[in-house]
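Engineer: Grabbed the feature section from Swiss-Prot, which reads as follows:
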TOPO_DOM  1-7  topological domain 'Cytoplasmic'
TRANSMEM  8-28  transmembrane segment
TOPO_DOM  29-38  topological domain 'Periplasmic'
DOMAIN    30-135  domain 'EamA 1'
TRANSMEM  39-59  transmembrane segment
TOPO_DOM  60-71  topological domain 'Cytoplasmic'
TRANSMEM  72-92  transmembrane segment
TRANSMEM  94-114  transmembrane segment
TOPO_DOM  115-118  topological domain 'Cytoplasmic'
TRANSMEM  119-139  transmembrane segment
TOPO_DOM  140-146  topological domain 'Periplasmic'
TRANSMEM  147-167  transmembrane segment
DOMAIN    159-278  domain 'EamA 2'
TOPO_DOM  168-175  topological domain 'Cytoplasmic'
TRANSMEM  176-196  transmembrane segment
TOPO_DOM  197-200  topological domain 'Periplasmic'
TRANSMEM  201-221  transmembrane segment
TOPO_DOM  222-237  topological domain 'Cytoplasmic'
TRANSMEM  238-258  transmembrane segment
TOPO_DOM  259-262  topological domain 'Periplasmic'
TRANSMEM  263-283  transmembrane segment
TOPO_DOM  284-295  topological domain 'Cytoplasmic'
Amino acid sequence: MPGSTRKLPVWLPILVLLIAMSSIQSGASLAKSLFPLVGAPGVTALRLALGTLILIAFFKPWRLRFAKEQRLPLLFYGLSLGGMNYLFYLSIQTVPLGIAVALEFTGPLAVALFSSRRPVDFIWVVLAVLGLWFLLPLGQDMSHVDLTGAALALGAGACWAVYILTGQRAGAEHGPATVAVGSLIAAIIFVPIGAVQAGDALWHWSILPLGLAVAVLSTALPYSLEMIALTRLPTRTFGTLMSMEPALAAVSGMIFLGETLTGIQILALCAIIAASMGSTLTIRREPQIKQVDVK
């Protein structure tokens, strides 16, 4: 009903975020299988080009009007979205998926840490940090991790932090439709880079269907869902809930790639999940939950 408002259930944006993270992990596995054919920059170009077309067709962003104070955050939102994709795909060329995701998570973890105000919030962040610490193959195995790939994953994490902070401001009015504009900004910068490096193979008929699947799983679906969660969850809660990402990556590697987990790593996953659950349970103590118009 026009002009009416309804308070969304607290659990709904959390469920939306979990679906988005699962979709991204599925897309990352598929994307990595395309690296031998078109390279990481080429997959980035496919993901952004096809994903942007889907988002534009669905959200029709030319109808949106952004206030002057939203334009700069929107620009940085789009640039960080593209940089996050590009650097992450470069990193998983040489770094295992689970490790790359864990290193990339330093971005949202930093957002959660610096946004914490109450002791209980800090507890969940510390618990997530401990989980990530033991999840990473520190010690003997760490010598086998490519340092350049690890640095690229950390760079992707920095872009992720900017994505979270600017996404909340840029999407405050238009919600998930903002993703279409942000993705277009990212595509303008990073699609030409990937297209030049991949060459004609990028647009081969056998590659395009797989690229479309990557675009849907890794861009169109999850970023739309994440924007819903971004504009309806506190910053620290969103950042801490994203700690599920490396846990999902590790479990995905175990199921689909045959990777085994040690007892300590299993405990680390439990710590990360506990941090996410704790953060979720404390949402109800927030003064307000964002309301949305139901048109």
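Here the Cβ of each residue, glycine as well, is placed from N, Cα and C on the backbone.
Please situate the listed features within the shown structure.
Structural biologist: Only residues 6 or more beyond the boundaries of the transmembrane segment (8-28), in the same chain, are considered here, and those with a CB under 8 A from a CB of the stretch are 47, 88, 92, 97, 101, 213-214, 216-219, 221-223, 225-226, 228-229, 232-233, 238, 241-242, 244-245, 248-249, 252, 280, 283-284, 289-292.
Residue counts for the topological domain 'Periplasmic' (29-38) by DSSP state, with H, G and I taken as helix and E and B as strand, are 9 helix, 0 strand, 1 coil.
Note on the transmembrane segment (94-114): residues 25, 28-29, 32, 84, 88, 121-122, 124-125, 128-129, 132, 135-137, 145-146, 148-150, 152-154, 156-165, 235-240, 242-243, 245-246, 248-250, 252-253, 257, 259, 279 of its chain, located 6 or more positions outside it, place their CB under 8 angstroms from a CB of the stretch.
Residue counts for the domain 'EamA 2' (159-278) under DSSP, split into helix (H, G, I), strand (E, B) and coil, are 100 helix, 0 strand, 20 coil.
Long-range contacts of the transmembrane segment (176-196) within the same chain: residues 38-39, 41-46, 48-49, 51-52, 55-56, 58-61, 64, 66, 74-75, 77-79, 81-83, 85-86, 167, 170, 202, 219, 223-228, each at least 6 residues beyond the stretch ends and with a Cβ under 8 Å from a Cβ of the stretch.
Within the chain carrying the topological domain 'Periplasmic' (197-200), a Cβ under 8 angstroms from the stretch's Cβ atoms is held by residues 38-39, 41-42, 45, all 6 or more beyond its ends.
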Engineer: Among the recorded stretches 39-59, 147-167, 263-283, which has the greatest number of Cβ pairs closer than 8 Å to the transmembrane segment (72-92)?
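Structural biologist: Selected stretch: 147-167, with the most Cβ pairs under 8 Å.
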